[in-house]
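Following: one structure in structure tokens, then a few remarks.
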Amino acid sequence: MEADSMSKKVALVTGAGQGIGEGIAVQLAKDGFAVALSGRHLDKVQRVADEIEKAGGEAFAIEADVQYRDQVFDSVQKTVDHFDHLDVFVNNAGIAHVAQICNTKEEDLDRLLDINVKGTFFGIQAAAAQFRKQETPGKIINASSIAGHEGFELLGAYSATKFAIRGLTQAAAKELARYKITVNAYCPGIVLTPMWDQIDEEMGEVNHVAKGESLKQYLQGIALGRGEEPEDVANLVSF
Ligand SMILES: NC(=O)c1ccc[n+]([C@@H]2O[C@H](COP(=O)([O-])OP(=O)(O)OC[C@H]3O[C@@H](n4cnc5c(N)ncnc54)[C@H](O)[C@@H]3O)[C@@H](O)[C@H]2O)c1
Ligand SMILES: CC(=O)[C@H](C)O
């Protein structure tokens, strides 16, 4: 256990090996948190943890797949074993999938629900259990999306999971407030992370998008179609 982290706030970020999760972990470390980073691929989260340590921060990498409840609870225990306690849990891990609803395979729908919804559900359960065991306040922060406020064509199953996360966040906030545990969600627009490489790859030929146009341009087109100023759309595409 790191002696210094006894006084530091401790955060656990899921899916922290790249993208938004990596950005959150790095910023939390800059803000003085001791950070546990969990992900399906230990080498990816270890890379980010090493970078945080090299920059003078405290970090600890954990291999955990959020679709499995026991691995989520285990990641919290490993964080507490290493840093003594937990203050913040960020349910960041998530996947997207591009398909028209009528063409979405059940196995893809199951994968999205297992990782995005059940993974977030398990994270709330595990974090709340730890905060109550510590008898301390705590913060739980979940990854929803712009697609959790508007259902986008070609992202129907994904949007459903992000809407679900908003509802889950609101319900958890009401249930856990009495324990001084806050539950909030972030809803980014389009953030140019490796998720978009995968989304663009899955695009292929679909009716709604002109050949060669990426989903990013398609979504931007929707925003522009609403008469939003280009700079508004530009704000969506940032990292
Ligand atoms: N990039 C965007 O435009 C955008 C917009 C709104 C919301 N989001 C949400 O933000 C979160 C992060 O997105 P991102 O763009 O950084 O994605 P990303 O694909 O770049 O990174 C996601 C990370 O989560 C990990 N992950 C996936 N499934 C996992 C699992 N079962 N267990 C543990 N880790 C797992 C991946 O390995 C990866 O490291 C996601 O929940 C996503 O839905 C992204
Ligand atoms: C991929 C994502 O979450 C939205 C559509 O930006």
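Backbone N, Cα and C define each Cβ position, glycine as well.
For Tyr158 (active site, proton acceptor), the same-chain residues lying six or more positions away in sequence with a CB closer than 8 A to its CB are Ala96, His97, Leu112, Asn116, Ser145, Ala147, Phe152. What TrEMBL lists as active site, proton acceptor is Tyr158.
Applying an 8 A CB threshold to same-chain residues 6+ apart, the list for Pro188 (NAD(+) binding site) reads Ile20, Ala143, Ser145, Ile146. Residues annotated as NAD(+) binding site in TrEMBL: Gln18, Gly19, Ile20, Asp65, Val66, Asn92, Tyr158, Lys162, Pro188, Gly189, Ile190, Val191, Leu192, Thr193.
For ligand 2, the nearby recorded positions are Ile190; that is, of Ile20, Val66, Tyr158, Ile190, Leu192, these have a C-beta under 6 Å from one of its atoms. Among the recorded positions Tyr158, Ile190, Leu192, residues whose Cβ is positioned under 6 Å from ligand 1 are identified as Ile190. Classification of Ile20 (NAD(+) binding site) by DSSP places it within a helix.
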